[in-house]
Amino acid sequence: MLVGECSTYARVWIPDVEEVWKSAELTKDYKQGDTVLHLHLEDGTELEHKLDPKTKNLPHLRNPDILVGENDLTALSYLHEPAVLHNLKVRFIDSKLIYTYCGIVLVAINPYENLPIYGTDIINAYSGQNMGDMDPHIFAVAEEAYKQMARDERNQSIIVSGESGAGKTVSAKYAMRYFATVSGSASEANVEEKVLASNPIMESIGNAKTTRNDNSSRFGKYIEIGFDKKYHIIGANMRTYLLEKSRVVFQADEERNYHIFYQLCGSTHLPEFKDLKLGWSASLSLSLLGIVDDDDADVGVCYLPGINESYQIGIFQVLAAILHLGNVEVKDRDSDSSNIPPNNSHLTIFCDLMGVTYKDMSHWLCHKKLKTATETYIKPIPKLQAVNARDALSKHIYAKLFSWIVDHVNEALHSTVKQHSFIGVLDIYGFETFEINSFEQFCINYANEKLQQQFNMHVFKLEQEEYMKEQIPWTLIDFYDNQPCINLIEAKLGVLDLLDEECRMPKGSDDTWAQKLYNTHLKKCVLFEKPRMSNKAFIIQHFADKVEYQCEGFLEKNKDTVNEEQINVLKASKFDLLVELFQGEGKVTSPTGPPPGGRTRLSIKPDKARPSQSSKEHKMTVGLQFRNSLQLLMETLNATTPHYVRCIKPNDYKFPFTFDPKRAVQQLRACGVLETIRISAAGFPSRWTYQEFFSRYRVLMKQKDVLTDKKLTCKNVLEKLVQDPDKYQFGKTKIFFRAGQVAYLEKLRADKLRAACIRIQKTIRCWLARKKYLRMKSAAISIQRYVRGYQARCLAKFLRRTRAAIIIQKYQRMYVERKRYKRQQAAALAIQCILRAYMARQQYQLLREHKAIIIQKWVRGWLARQWYKRSLAAIVYLQCCVRRMRAKRELKKLKIEARSVEHFKKLNIGMENKIMQLQRKIDEQVCFRRRWGPRACGPIDRMRITSRTGAALRLCKMQKALEEETKQLENDLNEERSRYQNLLTEHLRLEERYEDLKEEVSLTVVRMPPLCPPSPLTTPPPSRPGSPLSSLQDVTKAALDMSLFLKLQKRVTELEQEKQSLQNELDRKEEQFQRDHKKARGAELEYESLKRQELESENKKLKHDLNQMRQSLTGNAGAGMAAPGSPAYKVLLDQLNSSNEELEVRKEEVLILRSQLVSQKETMTEPITYHFFSAEQPELLLSFSLGVCLVVDGHLSRDPPHPACATLPPLRRLLESQLQSQKKTYDNEVEALRGELQSMKEENNRQQQLLAQNLQLPPEARIEASLQHEITRLTNENLDLMEQLEKQDKTVRKLKKQLKVFAKKIGELEVGGQVENVSPGQTVDEPIRPVNIPRKEKDFQGMLEYKREDELKLVKNLILELKPRGVAVNLIPGLPAYILFMCLRHADYLNDDQKVRTLLTSTINSIKKILKKKGDDFETVSFWLSNTCRFLHCLKQYSGEEAFMKHNTQKQNDHCLTNFDLAEYRQVLSDLAIQIYQQLIKCMENILQPMIVSGMLEHETIQGVSGVKPTGLRKRTSSIADEGTYTLDSILRQLNSFHSTMCQHGTDPELIKQVVKQQFYIIGAVTLNNLLLRKDMCSWSKGMQIRYNVSQLEEWLRDKNLMTCGAKETLEPLIQAAQLLQVKKKTDEDAEAICSMCNALTTAQIVKVLNLYTPVNEFEERVSITFIRTIQTRLRDRKESPQLLMDTKMIYPVTFPFNPSTVALETIQLPSSLNLSFLTRV
């Protein structure tokens, strides 16, 4: 420590006997030469600390509080032992964190308590993360090893070391579990499960209970986990080191034997173990002190990988035999010999179980064979040697069994797949020192010396690489080198070499070996010492501590001798497994089959002894074997990249979360953590990137010091802040500081912030005081104002009351006077009323008698007149009703007769009869005239004149009416023709305009290729030369991006192709229409010719009848009935001639009209034609001519008009309605053109405004704006013209179809209009052609027909090869689903169940196939989720069920399925939709996962709020992947992309809400999980950042109208965690508020956040342990899951609410881009 740093209030560490180090504070400045420091301890006591007079070293300085509790010990500014110990204690006790980084080492403290930090959710949270990003964890080390193996293609090793009970085995087990979970197996063999399953059996046979650990591993193991090229687990291999065999026959106090013996004894109740004859007798020496605990596993359910059941029973026999062998009692025969009784039960059981003879075994247990050069002797041995031989045999059998099990476990984990790389996990004993240390502790400490040397070299190498990488001048760092200690142990004439030499001596002993050690190394090696009080021990100075070893037993344990005759007896056993144990490797048979071959390993395994070398195997010492295996292990480790885990035992009493500083410091020194700290502290331990340094110490810079170059800025500032340039170095990317400099900078920063805080407080207090003064001043003024106001109000009140009293008096007096006046007035009026009433009664009595009589007279007269009028009206009404009834009956009868065909016949017959009657009457009149003479002339002449006059008048009227009606129809027809011609002219003009536009566009494409894509329907507005627009276009041409032009050109080419296909289809349909029209026209002409011939024959027949009638009349007149020249005859003849002339005229008019109609129909192109009736029927004219005036029964009567006349008004009304509809259409077109003109004007104005705005911009912005505007305009025009083209094509197709329909209808009407049943005397004219009313286009049924062989093509084009992007942009959403359903409807319409089944099956399978192929593409998955849901909704909507038909139109109800119930397929589709939804969520999670932590936690959305703290060595380059930095905007952009894609695909709104809810749950869960696993993120400022980020997400929900989807509620745990970081955490009231506020967080999460809470600045305070315990007490009654992390894989249940479609199936068109021309609309 520097002298200048020992000022008042400086905090230091001083040594302490109990706590090792104790914190104190200087109360007086230290000056050079002072021998005493005046200190103030934390408990309040004052202390004078004396400095060492020799070294005068000052005590270690404490780190600032802000650095206490760091994840990485190398991030501390002061790196020394007390700082490391205090940091570990704070993390372990206060924050309940058991893992801490120390550079490249992970320090793991055993909590002696099960913690919920090893679940699958934690594994998933650490998977894929960089090592420095998350809190320290064994999973982080495993992930780093796995990632470096995949990235660097180099084998890795994880070295786990520590004392017994420190948690080495558990740490190694969790590392292997991580690899098994993350990598998985490459085959179906589940190798990772086998690797994990091998742990229980190895713990059973290799672990035991000791005083320090209930499950202590009594052997070392190195497990290699093999991976293939895809980095999946393919197998594993295990190597073991130095099994503690002595534990089989001896256990210390309060310790136990290996677990397997207790598990075996605990299973004696099972029937398969009764033959082992085990029991808990007092003579069981192996387990004499052991008691079977409740948690001892039942060996009957143990799983032994690679060993079948028969071999398992054999293993249990061997173990039981070892137990019985230990109970064999040896008795003394004499001093030099011993024996075993012949009926020893335990030896008998042993021999039975092992398959050996009792005689041989009992003999060789008490004898040994001595061989000389010429003879062999059998010598008895004393009892002590016999007992040792028995124990040695037990240990040897167990060791062989242990090795055999390990070999077969390796065979079970072996894989035939070639191994690409491996990760080794070394679980080996740590440095040990006990009161009595023997050969085992010597070997263990020797192994730790080798590992420590490798560790030191690796740390030194990393430091050197870091300095060289950053181009920092490299200076030699002095670090502890334990090579002398290793040489002392393993070199020539070292401890092991002398031990082996002594073992080879015939009479070697532990004493002679000790003397050799003293003679060789004492006073020659500083690391070797001799104890003062012992000649049978020696001391070695290891790297961790001095250890005294007792020499007794070293030789025996090193030789590990076993009587060869005993081994031969066992080899002669009938027990196959026992024979196999003692055979060489080459003769071992696998219990599961022949051993697989061809395995290649990168590691080096110790060679197994061949069978021929069995004698040499017993001569190789244990020390030599261990040294060789250790050498191979070091070679393996040096060939890999090591990762270190140092396990620390916090106390010897196994108390949870109890920290013993003495034991911790001892282990920290032993495991090399402090050496790592010392190496780091010797150089530049603190390292900051330039950005981190700038962000942290920006407050120490002035505004003028801040430059654009951050590196130069940091250099300038450091030169001003730190005067000594040796205290820092500038690297390429980092700044390196020596120890203590970060604390110094933190002090400067804290002083600057403190000064700023004081200034802020001063200003705030001034502001508060001024505000208080102003409030007091304002209050005084207000009080004065209110007092004065009160006084004024009192005066005003007095004045008002005085005035009110006067007014009240005035009104009171007035009231009294008025009341008196009213009384007097009422009395006068009463008197007057009584008097006048009396006078009126007198007058009334006089008038009553006279006037009453007059009134009665008039009233009685009026009543009589009224009765008469009513009677008369009733009689007249009754007469009218009777007459009306008769008239109705007569009218009805006449109408019936007039409608019947017989009536016309009767009329004709009547005409002939009337003619005959007229003839007879004429004859009678002639006779009468002759008889009576001139007297009758007068009446006859009058009658003739009257008849002529009436007939002429009626005929004229009818002719005029007919002519007017005909003219009116002709005028209407001419008007309709003119309108139709106008429409044709307008249509031709539009076509010419269209062709002109095409030519202009083609010319524009040639002239302006870079600016305007060649669209067939777009023409850019012309611009005058030299105008601003033309100059702007020139600039735009130069700046246009070629890629945009290529895209537009490609789009125009596609539009041209589509237009060409539509044009071809239009030409084809026009040709077909011409052919059909010609056929219909030929049939019509043929029919007209036949009709004309028939009419001409009828006319000839009528003429013939008339001539006959004329001849008959002439003949009758010639017979004397009447003369031809008589007046009556002339009148009749004139009438007939006029009727004939009228008939000829009408025929000519009919022919003219028909010719005009035919010629007009041929020239017309539109299908709408108007047909008038063809001609007046001849019988109508005949009736006019013959029946105008007929005398029947002496009365003048008139025949009713012909029914043909009655059809003219309806025809006229039809024509008028059609003319009105045409007029309406024309008006609509004119209105549309006007609207288009108005829009063009508006567009022109907008263009001018934009041009004016662009001219005001700078040139670069002007070019960009004009280019963007032009692209937008052209795109909009292209889209509009495409819509117009589609509408015109639809109109053309519709009109063509109408032409066909009208032509067919004309033929039907002409054929059906012929007159049937014509009488002989009745003429038949041409049928009346009604007006042709246009029919609607043929209604499609919303079905698509396809052939069975086209089904594969349909599925391929519509599903497998469909590109979702083109469909989503250009076509209606859900089009594939509609097309598939229309095909399904047609199959249902045909009642083809096979077709329905195959179509649905192919559809479902194809969707699954495309999703399996492109399952990671969000757009594809979203597209098919939308279409699957739409297909499902269509099946429901058109199923015919009433529940789904409520919102259908009548047409949609008509399109329901009729033959099949597809409810089962609906369920299948629903399941498919659920699978797609889950795949969509998984795809979305994979996209969002890398963004969430960076965007929600790491990125500073609010700049300057979060402080940056040193990260230490853990954030090294090798752990940082080169990835882009994601921000909150990245997440929002991705959410926008998801939402817009789903909307374009037509996803149901309710389904979008569910997807968004799942998205927000993933964001909240991942963010909260990382927050719970990262101590550096739990601060007040980070809580503010999180709340701001959450508010931005909520704003996004509001913009998308998704606040009601439940997404905000999924963020509630994250919101509450952020609030928890910001609220006060001191008092009980704060605890109560936290408990009520954090209802969405579990107790474990709340406590975890409080434990992790870390102040970023020294102004913040840590959360006290008392407060955390208060929270735990208050939340104790909560019933909730103990899980710490949220389940990020949880998916909310999805529902698909029924969403009926409004799209009419019959209106759906098939776009040509889908290549579905083989489908036919039905």
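Cβ from N, Cα, C; glycine included.
Because TrEMBL annotations are produced automatically, they should be read as predictions rather than curated entries.
Of the listed segments 1012-1032, 1054-1074, TrEMBL assigns region 'Disordered' to 1012-1032.
The range from 21-69, 952-1000 that TrEMBL describes as coiled coil is residues 952-1000. Residues 630-652 are the range that TrEMBL records as region 'Actin-binding', among 630-652, 699-721, 1182-1204, 1642-1664. For the region 'Actin-binding' (630-652), the residues of the chain that approach it from at least six positions outside its boundaries are 88, 92, 102, 104-112, 138, 141, 144-145, 148, 152, 154-163, 165-168, 171, 175, 212, 222, 239, 241, 424, 426, 430, 446-447, 450, 454-455, 458, 602-606, 658-660, 663-664, 667-668, 671-673, judged by C-beta separation under 8 angstroms. With DSSP classes pooled into helix, strand and coil, the tally for the region 'Actin-binding' (630-652) is 9 helix, 8 strand, 6 coil. Helix first, then strand, then coil: DSSP counts for the domain 'Myosin N-terminal SH3-like' (7-59) stand at 0 helix, 24 strand, 29 coil.
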